[in-house]
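Visitor: Sharing a structure, written as structure tokens. Questions coming.
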């Protein structure tokens with residue numbers, strides 16, 4: 001570990017000596033023994049001693065009265081030295097054990113469920129491989145620069161989001177609070193997905209997967225009607241997993257199984273973050289790497305499935321006409337933005353535990369590319385399974401039509417095959433129009449392309465489409481366990497970052513840190529989220545889950561990051577920010593970073609923010625998908641008045657933090673009549689590690 005001149009001077013002063021006093025044998029032995037007794041890092045002590053030895057060239061100061069000095073040493077160790085050393089050691093910020101731990105933590109946080117269930121959906125919606133063009137362009141223009149900016153802020157300030165932005169300017173303290181509020185909203189519902197994964201995982205250890213077939217009715221005379229009109233996978237998700245009500249107005253009791261799974265999920269999260277970066281740093285070695293092992297296994301299995309290449313070919317066949325659709329570019333920009341986890345304060349919190357000279361610039365590029373590469377890789381796996389499922393459904397449709405034609409027209413088995421059934425349908429319709437009209441309502445239009453065009457995202461993809469594909473695989477239990485373990489690790493890895501975004505700023509508050517231990521603060525945060533999260537396990541909980549997922553962390557994040565980049569460039573000052581980076585990395589950022597931060601990224605964020613506002617206004621009354629058990633499908637319903645009010649409250653509660661804190665600071669400044677900059681932290685001076 002290297003130490004700066006300021007560090008050497010600080011170390012000398014900690015031990016009660018001035019930087020100009022002579023150094024004798026007693027001073028040397030004094031400092032060494034104090035460090036040994038109190039188990040302080042001897043590297044710090046050695047740095048202070050080295051500075052003294054170099055300055056005063058102690059050749060001639062050592063010698064003489066060593067015996068007398070040793071006899072009176074215990075009388076010379078002053079109480080103030082011990083107190084100062086203990087305080088400094090307790091206030092020293094913990095750090096990652098290695099840069100690799102930090103990178104893995106960022107990868108574990110950024111690579112989440114959205115890479116598996118959101119990106120493939122967007123590829124499917126916007127022209128397959130053609131979607132990669134705007135996606136990669138937005139990565140360069142928006143994703144990497146903003147990711148690097150947040151890492152730089154965290155590493156320079158060595159504080160969580162609230163402390164970092166307050167240090168830059170007290171007027172900006174609301175940015176950190178807004179990030180914490182948004183992260184709290186995310187934690188409330190995100191861990192519910194992990195609870196669902198636990199539920200599916202536990203049900204995978206059965207001889208027959210419970211979503212593979214419909215349960216029989218009470219009289220054992222047939223299958224349950226709701227399952228028959230829907231499908232076994234839909235029934236298991238909506239009825240067995242959620243026990244969902246028919247609307248948000250219809251409340252019900254808590255699903256005890258889901259509540260226990262949610263409790264387990266929060267216990268595991270607490271164990272992962274109980275000791276801060278020391279425990280998180282060990283966990284990320286597993287949460288960041290094992291999902292790739294599962295994806296590779298699934299890729300090998302997926303491409304060997306019947307019809308898998310139909311899906312892969314569908315993905316890589318570009319529909320370039322989609323590039324003329326503005327929605328394609330907007331979705332590419334938002335996917336990059338949300339996939340990297342910008343604005344939550346997690347990246348600032350993670351980077352605050354870095355050493356001062358850590359090369360965050362290179363790490364930002366690496367993590368961003370890994371995140372985007374994982375999205376593409378996961379899409380290949382997903383489309384291979386899509387192809388298998390679509391081919392399976394397509395061939396089943398053809399087989400049903402073959403049997404229908406054989407039974408209706410009394411043809412021999414060998415007459416019609418799956419390969420020629422489409423021609424036979426056309427032939428029989430022309431030859432026997434009256435008989436064919438009688439079965440016209442039962443004739444289905446079997447199309448592989450239509451099956452592949454059926455786009456599903458979110459929980460529908462993760463828990464229904466994937467489950468339907470898994471049940472048709474050989475050794476379905478094994479693949480089910482493997483898949484839901486992967487989902488759990490992706491979800492838990494993201495939760496580490498989400499919770500760290502909350503506990504790091506809270507731990508930086510002196511009043512809390514002096515009153516409670518870090519373990520207690522972490523436990524209280526997890527307990528609060530658990531208690532509030534129980535509401536999502538009620539019968540109408542999934543509708544509230546949808547509200548949080550769609551409104552709690554979309555518009556607010558765009559606003560937060562837009563204010564962040566504008567504040568850094570035009571309030572704090574881009575030149576000042578360049579000096580901070582030079583202080584950490586030894587060189588100033590090149591033209592690419594400066595152009596992105598100062599112009600391109602803010603303009604893109606502003607455009608996305610305006611688009612979302614217009615979309616909200618033009619969208620009319622907010623709607624949601626309500627499950628109709630009689631129809632066996634979701635139907636669109638409008639949110640009631642209290643639901644719309646709650647949506648507005650979610651948006652305002654986070655967005656208002658920024659102006660309210662700025663107004664409060666301005667009023668306090670006016671009341672005290674003191675310049676605000678007098679209280680600001682000078683962030684340009686060389687920081688110590």
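Any Cβ shown, glycine's included, is placed from N, Cα and C.
A TrEMBL annotation is a machine prediction, not a hand-curated record.
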Visitor: Of the ranges 575-594, 595-614, which one does TrEMBL list as transmembrane segment?
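Guide: Spelled out, TrEMBL records transmembrane segment over residues 595-614, not the other listed ranges.
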Visitor: Please find, within the list 6-27, 28-49, the residue stretch that TrEMBL describes as transmembrane segment.
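Guide: So the range that TrEMBL calls transmembrane segment is 28-49.
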Visitor: Would you mind telling me which of 189-210, 211-232, 365-386 TrEMBL tags as transmembrane segment?
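Guide: Checked against TrEMBL: transmembrane segment maps to 365-386.
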Visitor: Looking only at residues six or more beyond either end of the transmembrane segment (365-386), which have a C-beta under 8 A from one in the stretch?
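Guide: Long-range Cβ neighbours of the transmembrane segment (365-386): 103, 106-107, 110-111, 115-116, 119-120, 123-124, 132, 135-136, 139, 143-144, 147-148, 292, 295, 298-299, 302-303, 305, 308-309, 311-312, 314-315, 336, 339-340, 452, 461, 465-466, 469.
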Visitor: Are there any residues in the same chain, six or more apart in sequence, whose C-beta is under 8 angstroms from the C-beta of residue 115 (Na(+) binding site), and if so which?
Guide: 339, 371, 374, 375, 378, 490
Visitor: For the transmembrane segment (100-119) against the transmembrane segment (551-574), do we get 3 or more Cβ-Cβ pairs below 8 Å once near-sequence pairs (under 6 apart) are dropped?
Guide: no
Visitor: Identify, among the binding-site residues 110, 490, the residue whose Cβ has the fewest other Cβ atoms within 10 Å in this structure.
Guide: 110
Visitor: Would you call the transmembrane segment (645-667) and the transmembrane segment (131-153) in contact, using three or more Cβ pairs under 8 Å, pairs 6 or more apart in sequence?
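Guide: When sequence-distant Cβ pairs are counted, the transmembrane segment (131-153) does not touch the transmembrane segment (645-667), since fewer than 3 lie under 8 Å.
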Visitor: Based on Cβ pairs under 8 Å, which of the stretches 131-153, 254-273, 481-503, 524-545, 551-574 lies most in contact with the transmembrane segment (329-353)?
Guide: 131-153
Visitor: Report, as a single number, how many Cβ atoms besides its own are within 10 Å of the Cβ of residue 494 (Na(+) binding site).
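Guide: So the Cβ neighbour count for residue 494 (Na(+) binding site) comes to 27.
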Visitor: Beyond 110, 111, 115, 339, 371, 490, 494, what residues of that chain have CB atoms within 8 A of the centre of the Na(+) site's CB atoms?
Guide: 107, 109, 112, 113, 114, 341, 374, 375, 493
Visitor: What stretch in 481-503, 524-545, 551-574 has the biggest tally of Cβ pairs under 8 Å against the transmembrane segment (254-273)?
Guide: 524-545
